[in-house]
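First up is the structure itself, then whatever we jot down about it.
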Amino acid sequence: MKIRNISLRVILILVLTVVFVVATIGFTIFDIRIQTENMEDSLTEEARTFAREMDAVWQFMDNSQYTINNTTDGTYEFKGLHCAIVGKSVGAIFSAGNNYAIRYTNSEPRRAQDKPDAFESEALALFNESSEVRELSRIVGNDPEDVNRARTSADTGAAQFRYVQALSVNESCLECHGEPVGEIDITGFEKEGWTLDSIGGAISIVIPLEQQYQALRDNVIRDVSFFLLLATFIGVVVFGLMTVFVLRPLESMKRAFGEVGAGRLSQSMDNAGTAREVASLIDRFNAMAQELRVTYEGLEDQVTERTLDLRRANEELAAQRDSLEVLSAQLAKESQVKTDLLSMVNHELRTPLTSIITLAQIALDSGNADVEERKSWEEVRKSSSVLLGMINNMLDIARSDAGSMAVSSEIMDLGDIIATAQGTLGPLAINARVTLKTSVAPDVPLVYGDFEKMQRILENLGTNAVKFTASGGVVALSVSVEAETEDVLVQVSDNGIGIAEEDQERIFERFFQVDSSTTRIYGGSGLGLALVREYAVAQGFGISVESELGEGSTFTVRIPKADTVDFSEEDE
Ligand code: ADP
């Protein structure tokens with residue numbers, strides 16, 4: 001489960017609970033330890049007090065030996081109240097009324113009951129080892145096998161506090177326990193040979209811990225209960241504060257963001273009763289909502305404005321469309337007029353012109369006409385041919401514009417085309433006193449193309465060449481194969497007036513004529529080369545011109561190798 005799927009409230013409760021449990025366990029352990037230490041300290045103090053009191057009584061009895069053992073007249077009469085008896089009695093008196101066991105013990109006791117147990121022996125050994133160590137205390141458990149437990153008459157089976165304090169040998173002890181060793185003392189026992197300040201035994205105190213443990217338990221329960229109450233109170237206060245100052249404002253912010261997200265930008269939050277950080281967050285939210293509101297309103301205005309613009313543009317477009325429709329209708333009408341005109345030109349001009357040319361040719365061929373008549377017939381034939389050429393060009397252009405120009409791809413022999421062109425151009429050349437030369441290289445292959453269009457290309461180029469070459473000039477029609485590319489080149493060259501470099505590209509444009517004065521001299525419509533280019537391009541051929549003013553021009557139709565007929569391929 002990812003943390004972002006858990007609500008802050010749940011996280012808070014979980015964290016508080018964990019802190020609560022850990023703190024309670026920690027506090028309980030700490031409290032038990034402190035209470036135990038305190039108990040040990042107070043028990044040690046209590047045991048010390050007992051030992052001191054016992055010692056004091058002992059001292060008193062020691063100091064009072066003379067009084068006890070001497071009668072009023074000064075006669076010594078031993079009463080038997082020696083230290084061992086006193087120690088035992090005082091211990092018994094101190095133990096009375098409580099369940100403590102207090103006694104005297106010694107490593108080599110005169111009486112068997114004073115023999116030390118394991119704990120006491122350990123203490124006595126420590127005291128004998130170092131004069132610094134004067135007491136030993138420890139809590140021993142309630143394990144019956146534990147050798148450190150005191151098997152006293154008061155043993156309740158509970159854990160015990162054991163305390164042993166060293167007893168030093170003083171002056172009065174030496175009387176019964178000092179030198180010489182083995183001498184029989186006043187009480188009838190052999191002297192041990194103790195020396196001054198050596199360890200003459202110990203006071204041993206055993207305190208059963210039943211009540212103390214009960215008290216300790218009560219104390220711990222009381223402390224932990226108080227701690228629990230306090231921790232619960234703090235937890236509730238923290239949770240309440242978090243709810244009021246963080247969770248609730250967050251909830252309302254979530255709601256407010258949701259509203260803004262849904263487009264209700266009029267949202268505004270109240271920051272009253274919130275902490276500074278949250279209040280500043282709310283203020284920023286309000287500012288953001290306000291900014292969004294302003295932007296949105298601005299956007300709406302912009303959208304309205306743009307819609308208006310768009311509507312206006314649409315209206316303009318509609319108006320333009322209407323006028324275009326009108327224009328289109330007009331054009332359609334004009335186009336119809338043009339078509340009508342063209343068909344009229346076709347039928348009404350071409351037919352009679354062809355007849356006139358034929359008639360002129362017949363008259364010229366008949367040989368009946370005299371020189372003057374021949375001149376006239378010649379003029380008629382020439383003008384009619386020029387006119388027919390112009391009309392043909394116009395009709396071709398019109399067809400091309402109407403999209404009805406069909407291009408076929410058939411196998412052509414360029415030699416045939418040159419021969420046909422020679423037939424058409426021959427009379428014109430003779431008339432213009434221009435030499436017409438033709439040449440077809442022997443390696444020229446057959447090509448794919450439109451025979452008729454190719455013929456029209458050569459006619460137009462040839463007519464121009466003748467037209468723009470002064471009498472005595474030479475016009476050459478040639479077909480060759482370019483060595484590097486193996487393209488076939490059909491070229492029409494002349495040594496006529498030539499074309500300036502800046503005009504060489506433009507001459508292929510419709511109605512372009514280099515100079516209107518020449519037009520007047522040579523006639524023409526400016527459509528011939530435009531058609532040449534269209535025909536060439538339609539067949540996939542290239543067209544170019546090389547020319548120099550006053551030197552002549554060469555027009556080249558480039559038929560790519562791909563359009564040549566390869567018989568070896570066809571055979572396959
Ligand atoms: P046009 O009917 O006027 O000859 P073209 O399109 O055939 O129209 O030719 C356009 C112009 O290009 C001509 O008017 C002429 O100025 C120039 N032109 C064409 N061929 C030649 C040429 N062989 N020598 C010089 N100028 C030429």
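Just so it is clear, glycine is given a Cβ too, placed from its N, Cα and C backbone atoms.
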Inset, instruction - Examine the ranges 176-228, 282-334, 441-493 and name the one recorded by TrEMBL as coiled coil. - result: 282-334
Inset, instruction - Average the pLDDT scores across the coiled coil (282-334) and report the rounded value. - result: 89
Inset, instruction - Could you put numbers on the helix, strand and coil content of the domain 'HAMP' (244-297), residue by residue per DSSP? - result: 40 helix, 0 strand, 14 coil
